[in-house]
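Worksheet: one structure, shown below.
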Amino acid sequence: MTWQVLVKKQRGASHVRAGSENQDAIASTPDIPPGSSMEWGLSVAVSVADGHGSPTSFRSALGARLAVEVSQELSKELIAFAAKGADWSTAKRLLEEKAGRQLVRQWRKRVKEALADNPFQEHELNLLEERSGSAARARVVDDPYQAYGSTLLTAVATETFMTFWQIGDGDIVVVDAQGRAGKPLQADARLLGNATTSLCSADAAQELRSYVAGTHAPLVLISTDGLANSYADDSGLLSFASDVMKIIAADGLEAVSDHLSEWLQTISERGSGDDIAVGILCRPAGIPAAAHRAGSHQADSHQIGAQHQTGTHRAVDDAERGRIEEDA
């Protein structure tokens with residue numbers, strides 16, 4: 001059973017206008033070679049993370065990069081277990097017993113190392129105080145993890161199981177062989193409006209949501225929230241994932257790779273304006289050749305970006321986003 005993995009990261013339209021950096025991060029197993037966006041493997045994994053980008057989280061772009069690094073380390077552990085013959089129940093037990101604690105512990109360790117190498121500068125703290133007040137400055141000095149706050153999502157596909165985990169907002173969508181898309185992880189009631197749980201929360205380890213399955217959907221799409229927030233509701237995101245599989249069925253993952261940056265740019269410009277990081281895990285042998293004929297319309301790789309627009313999107317600026325951990 002062979003998988004393909006595709007990763008893309010698009011700077012948000014609002015961030016381009018504001019001259020601010022991309023707060024999203026993405027990493028994969030196997031690593032994607034420089035100058036490429038795709039790779040093959042018997043087992044694959046993708047992690048995406050969205051740094052909060054708020055005044056308090058002024059180093060969150062780095063926090064997001066550290067998040068995907070530690071999550072890929074856990075992914076490689078699971079892939080190694082699978083290579084030794086472990087089944088989905090072993091993966092489920094590992095996630096339930098140690099994943100949350102391991103991810104948060106390792107992320108905090110790397111944040112501490114980064115902070116030791118580059119302590120907070122006075123101009124960073126002065127700017128925070130100017131934007132959010134002296135109390136916000138005091139909170140960050142007391143709890144420096146807040147400066148690096150980020151969400152985290154990961155999808156792993158092996159020969160014997162698939163597994164997903166998530167802290168904070170963002171989306172993981174699976175598409176079955178009939179082209180039907182759905183979300184494997186249960187909705188988190190704490191993600192109200194524009195608020196999100198976070199790796200920097202005191203109880204982040206308990207906030208991890210995970211799912212393990214022994215069956216294999218032929219396609220998984222994982223993304224930061226900039227994609228879903230460009231649609232009025234989840235139906236737009238699910239339709240996007242289904243259409244991606246139709247294009248793969250007709251023309252291969254290369255056709256998606258050729259156009260994905262263009263689609264994401266257009267979606268961000270006409271939608272949320274936010275950064276978007278997307279990973280696609282695809283098992284070509286599991287996609288029926290007729291999959292592109294499913295649904296009410298043909299998916300055209302030249303038009304999908306224009307098709308996937310909505311006049312009623314949930315536009316959110318990271319700097320204005322209300323975060324659960326900042327309200328605590």
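Cβ from N, Cα, C; glycine included.
Feature annotation from TrEMBL assigns compositional bias 'Basic and acidic residues' to 314-328. If you look up TrEMBL, you'll see 11-265 marked as domain 'PPM-type phosphatase'. The region 'Disordered' annotation in TrEMBL covers 14-33, 294-328.
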Long-range neighbours of the region 'Disordered' (14-33), counting only residues six or more past its ends (CB under 8 A): 5, 7-8, 39-41, 43-53, 60-61, 64-65, 67-69, 71-72, 75-76, 79, 150, 224, 226, 268, 273-279, 315, 317-318
The region 'Disordered' (14-33): DSSP-derived helix, strand, coil residue counts: 5 helix, 6 strand, 9 coil
